[in-house]
Amino acid sequence: NVTAVLEFKLLGFRGNVYHQILLFMVGLVAYILTILGNIFIILVVTLEPQLHSPMFKFLQNLSFLEVCYTTTIVPKMLSNLLAKRKSISFSGCMAQLYCFIFLGATECYLLAVMAYDRFLAVCQPLQYGVIMTDESYVRLAVGSWVTGVFTGFLPCLMVSRLHFCSYNLINHFFCDISPLLKLSCSDTTVTEAVIFILSLLVLSSCFLLTLLSYLLIIHTILKIPSASGKSVTFSTCSSHLLVVTIYYGAMIFLYVRPTYNLSSELNKAVSVLYTVITPLLNPVIYSLRSKAFKKAMIK
């Protein structure tokens, strides 16, 4: 008895009316700060000629991505916290799923490229200007976005072709892969295997490249004779590495798994890390730790 599901109902977060209102206020503040912080970075980098270097241009790309990424998830989540009818159409759900996968994959590629850029700047400073030219920046940035666009197609196509029975309650605050696979009444073995392999390739390769870049950076920093120079550079890189570890840790924990029988509440809690907290922290970590950006911001 397979019926065409026209819409899904998002259960979101549990709690009474007061808890829902509190979550709405916290989520709204976090969303506003995320949007304002990332737009501010985009404007400062655009208006200040001294920041027209590959490092800050990559940061500009990341900030624009974070605005799109959090807007894909958070507004719908906030509206459902106050709405009596917490629903999303089937086409809207698939569109949200595609944007989520496409932007998430693009962020992985951009973080890896940014780590590579910092590796060149710290470990090969004399060759940095020759290797990381404007043309190289454009290729890396466009390549990250285009690869992300194509990465989202296959998982979304496979999920959209699954059969969904009359039961249409998604125990999540957005259309994620795991709750949709649980909800389907089709055999999801092939879909799970394909998504697992794709997630393993994308997340693990990008994380290992990023981690290797930062480890080489830290190794180079330890050779700096000046204690103050060592401290400043290490502090900045360790902050970046912390954000990267939180993001990749959450993503790998959720998606690089052969099965998706994860607790729904744990799934939601971990999802908050990379859909709300990481986009909020990125502007602070990647910009305010930079002296050049601070000067440009004050100017």
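For all residues, glycine too, the Cβ spot is worked out from N, Cα and C.
Residues or ranges marked as domain 'G-protein coupled receptors family 1 profile' in TrEMBL: 37-286.
Packing against the transmembrane segment (21-44) from elsewhere in the chain are residues 13, 15, 51, 59-60, 63-64, 66-67, 70-71, 74-75, 77-78, 81-82, 276-277, 279-280, 282-284, 286-287, 293, 296-297: each is 6 or more residues past its ends and has a CB under 8 Å from a CB in it. Positions annotated as transmembrane segment by TrEMBL: 21-44 (among others).
Taking Cβ pairs closer than 8 Å, the transmembrane segment (95-116) reaches residues 55, 58-59, 61-62, 65-66, 68-69, 72-73, 76, 88, 140-141, 143-145, 147-149, 151-153, 155-156, 159, 174-177, 180, 202-203, 206-207, 209-210, 213-214, 240, 244, 247-248, 251, 274 in its own chain, all 6 or more past its ends. For 95-116 (among others), the entry in TrEMBL reads transmembrane segment.
Feature annotation from TrEMBL assigns transmembrane segment to 136-157 (among others).
Here TrEMBL flags 193-218 (among others) as transmembrane segment. The list of residues near the transmembrane segment (193-218) in space but at least 6 beyond its ends in sequence, with Cβ under 8 angstroms from a Cβ of it, reads 105, 108-109, 111-112, 115-116, 118-119, 122-123, 151, 154-155, 158, 177, 234, 237-238, 240-241, 244, 248, 251-252, 255-258.
Under the heading transmembrane segment, TrEMBL lists 239-257 (among others).
Summarising the annotation, TrEMBL assigns transmembrane segment to 269-288 (among others).
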Within the predicted model, mean pLDDT of the domain 'G-protein coupled receptors family 1 profile' (37-286): 85
